[in-house]
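A.B. asks: Here it is, the structure, as structure tokens.
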Amino acid sequence: MKLSLPLQKAGFFTVLAAIFLLPLFFLPITSEFYEFNKQALLATVALTSLTLWSISLVADKQVRITRSPFGLPFLTLAAAWLLSTFLKTPNRVDAFLDPGSTTTILSLVILFFTSINLIRTRKELDSVTMALISSVTLLAVISIIWGVGIGEKIAPFPFLKTPLWTPTGNPISTLSLLLGLVPFLVISIVKSKESSPRTLLLAVSLFLCVISSAIISYRMFRPNPNSPISAIFLPQRFSWAVALESLKISPLLGTGPSTYLADFTRFRPVTYNLTPIWNIRFAAASNYYLHLLTTVGLIGLLAYLFLALRSTSLLLKTFSSSAETPLHSACLGALTSVVLLFISQVFLPGTITILTFVVILMIIASVSLKLAGSSLVHEATIDIVAATDSGTRSPLLPYITLVLALSLAIPSFYLGGRAYYAETLFQQAVVAAAANDGKKTYDTLIATIAANPFRDTYRLAYAQTNLLLAGVLSTKKDITDSDRQVITQLIQQAIREAKNAVALNPAKVANVENLATTYRNLINLAQGSDAWTVASYQQAIALDPTNPNLRIALGGTLYALKNYSEAARFFQSAVDLKPNLPNAYYNLGATYREQGDYPKALAALQNVSNLVDRGSADYTKVQTELDDLRKKLGEAAAQAPAAAPAKTELESPQPLPSPKLNPPLKLPAELGPESSPSPTPIP
């Protein structure tokens, strides 16, 4: 007992510190400053508190656990995520490392169970509540300072110089936190029977949260075309379409955590191309429930709805209670905020900040009920004993719990530490690349991949670095045999790493698209690259079948290879997918012109003329080319329009990359793309 109390206190203060830090915590030493670091902190705190609690059970020689109405929903949610991760996700490392995914859910579940057991007194509960309120209030102050323009003027770093900067990394998350705390504060103030310094602090916090929310909302949604700062979400109808198509593939467990981007590119309807955001690939649905339905399926969605319904049920029971104690008020306020946050997720994507906030409020509600003596939350003793030769009984369950906790914590700390170290190295490589330090970029990426070889992002960056260095070296006037050897090695590494990225996550179209681009850049350097380019673009189109830009890219490659009939077919396909895309018509017209089919070329360019702004340089350019075609057809040229700015957005089919190597390099056949069945036919 003497040892268990310090362990319990250590676990409690670990949780207390995390509750204060999580909304504010970020570090600019990883490639993503905010949510990745919040997840790292969350996982560290969850595993640490679990270990300390388990050791305290051994010291106490018994397992006393707090049973909560949220226990079963949380366990169901964790089981659903684990099953979907191991059975469905193409790259499980992504599922464990991406913020808001499997590690986040498991860490929150562990944090909930350990916290409701480590928080044992009214004083500790008040400390947790004030830590949360203080953290969100400080977040509100920061948002006000930046929202009124002071923060960006005094900020020492470029990433801080934006009026919507926030430690959560996302103004929507900050707004949800601020508004989510308002019901809790209002109920706490209203239910307070006497004026006190604590009530005054709550009132000040409420005022700051409201003011900060108003400033953020104004900054985000004000109609100012000169400074458009607004969040872009995938429209609901397209989220529904993606979710329904994914259900046809895997209804129960979804396509796996961290796969929404692949689902979006594969399942988005062709009507998406008619929207102003047609060229954006979304990694999240328009709301959290559709995101869950797509990625973790019906089981994952039902588990989350189970948690939401249990929260609503508990809120109704608490609301109907006649108790007027501070503990009852804390529970009522926390549950009201939780239910409103669940409702808000019908309209907003989920983030690690919002999910953590919801769980912390559930912890406050559960502990409040426990300390109030409610039958809904109570402690129970569970024991497994073994008889010894002397006839005494020795408890086994505390030791079993500790062994299980250490079996989870030790590998997680080791693997998580390596993954975090890899992220810091990757950020160093990004900084070196921005400074044009090729050698440091190259060496740091090698170290990054050595630390975590299972992240496709690192492979893509390394492939592109090798290709860039090979291109620079091939521009030398006099290329020696030694240079050719180095170029060959760099090219082989570029292809190998691009293929490794595809192997790590074959469902991610960006990986296959990068491989196709890599091959295309080698057409003038290495034999066989032309066929490999075409094959890779076809695989990319199979993963993103409604994307006209991929058809234009493949058509441009075929055009450069003088395969005009096939090029015209893919340009026409791009036109069919997006009939209002001028560049598709422009490339189609250029192809017809090369084929000598001037009437079709004229018709295609006329469509371009109808789609572009009449006052733009594009319109001038098209009219000039139309006049040339009319002359070839014997028609009168149209009057030349007024001069326009020189900038133009229309792009002709791009020539093959230069320089050329003569003779070209011979690469092993195994560096070609892997053949794989297309999930959708390519027209």
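Each Cβ is built from the backbone N, Cα and C atoms, and glycine gets one as well.
The transmembrane segment feature in TrEMBL is assigned to 12-34, 40-58, 70-87, 99-119, 131-151, 171-190, 199-221, 288-309, 330-348, 354-376, 396-415. Per TrEMBL, repeat 'TPR' is recorded for 548-581, 582-615. Residues or ranges marked as region 'Disordered' by TrEMBL: 635-683. The annotation compositional bias 'Low complexity' is assigned in TrEMBL to 636-646. Among the features that TrEMBL reports, compositional bias 'Pro residues' is placed at 654-666.
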A.B. asks: Give me the DSSP three-state residue breakdown of the repeat 'TPR' (582-615), ordered helix, strand, coil.
C.D. replies: 28 helix, 0 strand, 6 coil
A.B. asks: Taking contact to mean three or more C-beta pairs under 8 angstroms, with sequence separation of 6 or more, is the transmembrane segment (396-415) in contact with the transmembrane segment (99-119)?
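C.D. replies: Taking Cβ pairs at least 6 residues apart, the transmembrane segment (99-119) and the transmembrane segment (396-415) are not in contact, as fewer than 3 fall under 8 Å.
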A.B. asks: Hey, which bits of the same chain come close to the repeat 'TPR' (548-581), Cβ under 8 Å, at least six residues off its ends?
C.D. replies: 270, 273-274, 278-279, 513, 516, 520, 523, 530, 533-534, 537-538, 540-541, 587-588, 590-592, 594-595, 611, 653-656, 683
A.B. asks: Below 8 angstroms Cβ to Cβ, which residues of this chain, lying six or more residues outside the transmembrane segment (131-151), approach it?
C.D. replies: 16, 19-24, 160, 162-168, 174, 177-178, 181, 185, 201-202, 204-205, 208-209, 211-213, 215-216, 218-219, 360-361, 364
A.B. asks: Between the transmembrane segment (199-221) and the transmembrane segment (99-119), are there three or more CB pairs that fall under 8 A, provided the residues in each pair are separated by 6 or more in sequence?
C.D. replies: no
A.B. asks: Looking at 12-34, 288-309, 330-348, 354-376, which one has the highest count of Cβ pairs under 8 angstroms to the transmembrane segment (70-87)?
C.D. replies: 288-309
A.B. asks: On the 0 to 100 pLDDT scale, where does the repeat 'TPR' (548-581) sit on average?
C.D. replies: 93
A.B. asks: Would you mind listing the long-range same-chain contacts of the transmembrane segment (354-376), meaning Cβ under 8 Å and 6+ residues beyond its ends?
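C.D. replies: Distant Cβ neighbours of the transmembrane segment (354-376) are 19, 22-23, 38, 42, 66, 68-70, 100, 104-105, 108, 111-112, 115-116, 119, 121-122, 125, 128-129, 132, 173, 176-177, 180, 184, 311, 314, 317-318, 323, 325, 327-328, 330-331, 334-335, 337-338, 341-342, 345, 348.
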A.B. asks: Using Cβ atoms and a strict cutoff of less than 8 Å, what residues sit near the transmembrane segment (40-58) while being 6 or more residues removed from its termini?
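C.D. replies: Same-chain contacts beyond the ends: 3-4, 7-8, 10-11, 14-15, 17-18, 21-22, 25, 64, 103-104, 106-108, 110-111, 114-115, 117-118, 352, 356, 397-399, 401-402, 404-406, 408-409, 412-413, 416, 420.
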A.B. asks: According to DSSP, how is the repeat 'TPR' (548-581) divided among helix, strand and coil residues?
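C.D. replies: The composition, in the requested order, is 27 helix, 0 strand, 7 coil.
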